[in-house]
């Protein structure tokens, strides 16, 4: 991995084991590198699955495979290949996915549709099946690995491994949820994003888990953007082994369902922020909150218009309280807005209100806020009760260096 | 002006005078600089006007003024202020516009609504009325200036003055059209763009001129993007003095109307390309053509998705034939696309077809093409007959330097 993002957490967190989940890593050597690049996670029988995938019209065959398998609701293994996205590879890419699923299903004695797969890396080169098969053999034989090893192994241009942990009480029984995720460029989730995996020992219906994941996704992964570019391979999967021994959750009315749903949302949000904090070239983590919009969806679109504006992102990189560029981004969003009711703040300081600059506002706290790593931008449209928050990073020379030099 | 764009034309073109149009420039000193920053163009009585303005929901008061005045169809003067956009300045910004219009109308003995105004520069600082009034007095007294001086004076972060000229025959009478334009960042026209002005001696109905300008705009300014950021002040105005003596055009069925319409479109396209060639930090001029889409509108949206993708723009800056990023941008556009029917080319070389890379395609001509300054990207969706072309530039360290350092 390259130099660690300045926004990275100090260390990988302590994550508990999840009963029924056994991760392994191996070297498939998809690229000419000396690192593990194949992750194989074995799941106990009875594990249920939920997932959200990219809305791209050009998805990878792995995404298509997962889309077909998710509704069946059961899972026995997850395979993640790093270094080759296997996207836009025609029938050969599809054949590679089928071969991997068949091999793992044969190993476990289950249906191929119980096997979930993702690949990430270069687009347009079919995944070499022989390397994948040899990598799987090595993974089958390897001892269980740590979550940190698994998080490292699914990464590509990531500068640090990303994991998080939450827990919840269901009917007096504590359940654990662990998530790992990768991603730092081509991040503009459209209902789903990147490669993220959540493992829990909770007992829960697949369809209820899907509802919870879909809702959580709309409040987390769908609220982040690094560069407005949506990947062909974005996938978030949640696996529940049921080994915690809690009274199984089958509906949102069950005791503990609310707590578990909140835990899923919390975990998704933590994971999504870890991705933004590894945004390519990022030097600032930016939270943008839009209030007073006509409705929440409108607030969300305006917030994303600000978050994706290169002029706003470069201004914040330059620690410049350039609220004029925020006005511009509000104006171009195509959503209801009234210039003369607009208020804008950086941190706790309002810099513009009622359609013009606050005269003689105190620049010192604004300058101090912008020098920090965590930037808050607030916009009040003054129209209604719609509200949304999104998270992004700034746009720096680092992004250009990474992406103008990275060869396909 | 800063260092000239590497994509700039060798020299400002020779532009003819337009009968009935007299440009002047003056120093209003809107910023602490030693250059002309106020342009005043006097128009003979009988001049008709057409215009298109930004779709931003937070437009400047100048844009609102023009929106009100354009439908009245007549014009006697144009005033352009550089260095202060007067946008997001509340009632004080509006008052400044009214004061300038009143002063010019008084000078010419015409209605204030015959005066057209634009301002460009910093957002959020009310235009100082005294400076504007003194600048206008100086302009009234100044001799007529050249088109090059006028083009220089309307510029801000532009690195070269931009003008173009076409002519047409109407009923045997040659008419001239001259255009000047400014813009290099915050360029993502939404039906209109930047500040552009077209002057012609043709005799034509205001409403017909409006129809022609609106159509031309959709094929020129609406097809360019530098950074996906839409300005609060975008305005293109066309003024026709009627002094050429051609049989007046009143409908598209009139002899010469087609030729004149083609000339307007040609001029708009030339002007729009000059803006892209001055895109902030640009080192490559990129033409993106999408064919085989379900319809033209769909092709246009896909082409803009490619043109606005930071990953595509940085790849081209790096002279990298990274067609995987083009697949990504097609996929995220939200328009009908079938991965397995997609073809992609750089210059004359097809690099991917039928959903996968062309095996062993000749990389030499692709590498040579990408080393040049004029890059062509072709996408064939293989679905229908929809077609669109857009123009953009690459994304380089220069863009970051310009925009992370430029203070509000």
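Here the Cβ of each residue, glycine as well, is placed from N, Cα and C on the backbone.
Remember, it's a predicted structure, so these values are computed and weren't measured experimentally.
Taken from TrEMBL, the feature active site, nucleophile covers A:193. Residues or ranges marked as substrate binding site in TrEMBL: A:156, A:182, A:193, A:280, A:403, A:408.
Where TrEMBL records a feature, it is marked here on the structure.
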residue: A:156; record: substrate binding site; CB count, 10 Å: 19
residue: A:182; record: substrate binding site; CB count, 10 Å: 27
residue: A:280; record: substrate binding site; CB count, 10 Å: 29
residue: A:403; record: substrate binding site; CB count, 10 Å: 27
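Residue A:182 (substrate binding site) falls within a strand segment according to DSSP.
For chain B, the nearby binding-site residues by a Cβ gap under 8 A, listed in sequence order, are A:403, drawn from A:156, A:182, A:280, A:403.
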